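**Student:** Pulled these from Swiss-Prot:
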BINDING   C62, C65, C160, C194  [4Fe-4S] cluster 1 binding site
BINDING   H232, C235, C260, C266  [4Fe-4S] cluster 2 binding site
BINDING   C275, C294, C297  [3Fe-4S] cluster binding site
SIGNAL    1-45  signal peptide
Amino acid sequence: MSDIETFYDVMRRQGITRRSFMKSVRSPQHVLGLGPSFVPKIGEAMETKPRTPVVWVHGLECTCCSESFIRSAHPLAKDVVLSMISLDYDDTLMAAAGHAAEAAFEETIAKYKGNYILAVEGNPPLNEDGMFCITGGKPFVEKLRHAAEGAKAIISWGACASYGCVQAAAPNPTQATPVHKVITDKPIIKVPGCPPIAEVMTGVITYMLTFDRMPELDRQGRPAMFYSQRIHDKCYRRPHFDAGQFVEHWDDENARKGYCLYKMGCKGPTTYNACSTVPLERRRHFPIQSGHGCIGCSEDGFWDQGSFYDRLTTIKQFGIEATADQIGWTATGLVGAAVAAHAAVSVLKRAQKKNEEA
């Protein structure tokens with residue numbers, strides 16, 4: 001891989017000064033939640049390590065992961081694609097098409113065998129020998145297996161590749177299957193979401209480039225740095241939940257006041273993702289901030305978990321102490337009763353305080 005330029009080489013060729021280069025290093029440092037002491041290490045990695053070859057393939061999907069990725073602000077998607085990595089194949093973003101694109105695919109996986117990262121967006125359908133998704137004249141599942149043979153690691157972008165998403169929802173007529181159930185002999189990083197957060201996607205790539213290893217994963221194979229806490233734990237509407245203040249109808253006064261959306265079906269208490277932290281840092285909206293509850297799109301099988309507007313009744317407890325590894329899918333309890341009791345206690349305490357003050 002010595003013939004591949006480093007990120008710093010590309011920046012210098014574009015006329016970027018070293019001072020500006022070191023400033024650019026701070027964006028991934030913030031996204032990854034690393035302290036200032038890591039800036040030199042990230043800088044050294046980007047200055048000395050060759051850009052990582054990436055092969056990005058698409059199965060059954062809507063391309064929302066790519067749409068999210070190109071909107072990354074820290075770092076910018078253009079810096080990732082044109083400077084940090086060597087994106088040698090992506091049939092959505094590349095200029096080549098048809099036979100030229102497939103030739104580039106074969107050349108890349110042969111030239112960088114054992115050194116490239118395989119990024120998978122979408123999943124392979126297995127019914128009818130994979131004929132429900134054809135790419136390059138062949139079933140996508142064949143292309144996936146072929147590309148995975150020489151990959152050093154695989155990234156499953158989005159809910160489709162990680163868990164199956166809508167195309168795998170019951171009765172799943174195409175037998176759409178998550179990547180990890182088809183490829184079982186390679187390390188796989190799941191980055192679920194529909195779509196995943198842009199900065200989470202670029203953050204995973206930056207981490208792998210900087211430290212030359214996979215990030216720490218939780219028991220479901222997701223990067224713990226982004227998927228270790230529930231959206232509910234850091235939600236800006238959490239104080240309203242604790243105070244027993246809930247939206248009862250979409251057009252009521254409580255909705256206009258920005259109260260908690262739990263009773264409207266918000267899945268934040270059981271969904272592990274960075275939605276309630278990363279978007280706020282970018283000053284951009286996420287569903288809860290726009291007035292709609294979380295639908296749990298980064299959790300396994302969320303399409304088959306009932307209506308997006310049904311109130312949750314199967315979470316274990318409240319608080320920010322538990323992580324995905326500690327409770328995850330085993331969480332149980334009568335949440336409806338717990339919320340009612342919690343709200344009642346909150347109201348009684350406020351009433352008691354007012355009486356004491358009076």
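Just so it is clear, glycine is given a Cβ too, placed from its N, Cα and C backbone atoms.
Worth saying up front: this structure is predicted, and the values here are computed from it rather than measured.
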**Student:** Around the [4Fe-4S] cluster 2 site formed by H232, C235, C260, C266, which additional residues qualify by having Cβ within 8 Å of the site's Cβ center?
**Tutor:** I231, R237, R238, F241, L261, Y262, G268, P269, I288, G293, C294
**Student:** Determine which residues of the same chain, besides C275, C294, C297, have their CB within 8 A of the center of the CB atoms at the recorded [3Fe-4S] cluster site, and list them by sequence.
**Tutor:** G193, I231, K267, G268, T271, N273, F286, P287, I288, I295, G296, S298
**Student:** Just checking the binding-site residues C62, C65, C160, C194, C260: which sit within 10 A of C294 ([3Fe-4S] cluster binding site), CA to CA?
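**Tutor:** Passing the 10 Å Cα cut: none.
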**Student:** Given the binding-site residues C62, C65, C160, H232, C260, state which is nearest to C297 ([3Fe-4S] cluster binding site) when distance is taken between Cα atoms.
**Tutor:** C160
**Student:** Using DSSP, would you call C260 ([4Fe-4S] cluster 2 binding site) helix, strand or coil?
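**Tutor:** Looking at the DSSP assignment, C260 ([4Fe-4S] cluster 2 binding site) belongs to a strand.
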**Student:** What kind of secondary structure is C266 ([4Fe-4S] cluster 2 binding site) part of, going by DSSP in three states?
**Tutor:** coil
**Student:** For C194 ([4Fe-4S] cluster 1 binding site), list the number of other Cβ atoms lying within 10 Å of its Cβ atom.
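**Tutor:** Its Cβ has 22 other Cβ atoms within 10 Å.
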**Student:** Just counting, how many other CB atoms are there within 10 A of the CB of C235 ([4Fe-4S] cluster 2 binding site)?
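**Tutor:** Excluding its own Cβ, C235 ([4Fe-4S] cluster 2 binding site) sees 25 Cβ atoms within 10 Å.
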**Student:** Have a look at the binding-site residues C65, C160, C194, C275 and say which one has the shortest Cα distance to C266 ([4Fe-4S] cluster 2 binding site).
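**Tutor:** Of all the candidates listed, C275 is nearest in space.
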**Student:** Could you work out which of the binding-site residues (C65, C160, C275, C294) has its C-beta surrounded by the smallest number of other C-beta atoms within 10 A?
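**Tutor:** Looking at the binding-site residues C65, C160, C275, C294, the Cβ with the fewest others within 10 Å is that of C275.
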